[in-house]
Amino acid sequence: MSPIMLSIILSSLALGTIITMASYHWLLAWIGLELNTLAIVPIIAKQHHPRATEATTKYFLTQAAASATVLFSSTINAWSTGAWDITQLTNQPACVLLTMALSMKLGLAPLHFWLPEVLQGTPLKTALIIVTWQKLAPLALLYLTQNSLSTTILLTMGLLSTLTGGWGGLNQTQMRKIMAFSSIAHLGWMTVILTLSPNIMLLNLALYILMTASTFLLLMFSSAKTIQDLTTTWMISPTMSAFMLMLLMSLGGLPPLTGFMPKWLILQELTTHSFCATATMMALSALLSLFFYLRLSYISTLTLAQSSTQASHKWRFQPNTVTTPTTTMIILSTLLLPITPMFT
């Protein structure tokens, strides 16, 4: 793809999200979502591979259906109330429809089936965009309409997502599918807390993007696409191998790492609102995710490749990637827990 075309597409991608986040009218928000979807389609499809074509088709159909449902729910609301403002969502069926549509856009369980499949058919860079930037517009709409949404539906879908993210990732060998299920689980945590404390949701989103982007940058650095590829990370860079261990533990939510902060605050908020059973289920579902993160960290850091070479380092050319941003993001992804009192 030519640099001019790529810059136009990426600008459209950014513009679509910004339009949705800044809009006050439902039609403008829908235009932003559509622009966002249409901009990423050529990015996914540019590989000219059957898998990329399949991923593009699945992504487009899912997102188009979800966008149409968003427009449908806003039309129902405008029909009954006469208001097109995003904050004036009062019609009950419209609220439920909107929740379902945005959940489908995000990939929340039980509407998550497209996400692992789409990620598996894309390169790591595109997968990074899908699991980070593409979540911003739907989450912005959920944040704007939080007062109108049903807490029960969001709690149920959030709990289902954390359990699905945990169970689904257990049996995977492909890194992109594992990261997709990790994304589903993290989005579950955000959904659960959305109506109870929106600010904690924003904090969780920021930390999720930070940790996921760091993980993807490390995977790009070591060109790891499967779990087996991770076994040779230490030969490429022992430092990166150690960073991978800390990063995976942070994603799993182990103290004293950054990933523990949102989980701690969310469980605290749930118990304050007397959702003790939900909080217990969420904490137990985090153990499922932690299991496959532990498995990954054990394989990447504590084991050797099955057919290890005699050389202590893997022979390769000097890498072109600049590692300074990656290192900075990894440090932030692991050592931010001490700033928690600022958010409580």
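Quick reminder: no glycine exception, Cβ is built from N, Cα and C everywhere.
Curation plays no part in TrEMBL annotations; they are all automatic predictions.
Annotated domain 'NADH:quinone oxidoreductase/Mrp antiporter transmembrane' per TrEMBL: 23-288, in sequence order.
Non-local neighbours of the transmembrane segment (57-76) in the same chain are 26-27, 29-30, 33-34, 37, 40-41, 44, 84, 89, 91, 93-95, 97-98, 100-102, 104-105, 114, 117-118, 121, 130, 141; each lies 6+ residues outside the stretch with a CB under 8 Å from one of its CB atoms. Feature annotation from TrEMBL assigns transmembrane segment to 57-76 (among others).
Look at TrEMBL and you will find 96-115 (among others) tagged as transmembrane segment.
Per TrEMBL, the feature transmembrane segment maps to 151-171 (among others).
For 178-196 (among others), the entry in TrEMBL reads transmembrane segment. When Cβ-Cβ distances below 8 Å are used as the criterion, the transmembrane segment (178-196) is approached by residues 103, 106-109, 112, 115-116, 118-120, 127, 131, 135, 139, 142-143, 146-147, 149, 151, 154-155, 157-166, 168-169, 172, 204-205, 208, 212, 215-216, 219, 227, 251, 262-263, 266, 269-270, 273, 275, 278, 282, 285-286, 289, 292-293, 296 of the same chain, each at least six residues removed from its ends.
Sequence annotations record features per position, and here TrEMBL assigns transmembrane segment to 202-221 (among others).
If you look up TrEMBL, you'll see 233-252 (among others) marked as transmembrane segment.
Residues 155, 158-159, 162-163, 165-167, 169-170, 172, 178, 181-182, 185, 188-189, 192, 196, 248-249, 251-254, 263, 266 of the same chain lie 6+ residues outside the transmembrane segment (272-294) yet bring a C-beta within less than 8 angstroms of a C-beta in it. If you look up TrEMBL, you'll see 272-294 (among others) marked as transmembrane segment.
Residues or ranges marked as domain 'NADH dehydrogenase subunit 2 C-terminal' by TrEMBL: 290-343.
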Take the domain 'NADH dehydrogenase subunit 2 C-terminal' (290-343) and average the pLDDT across it for me.
79
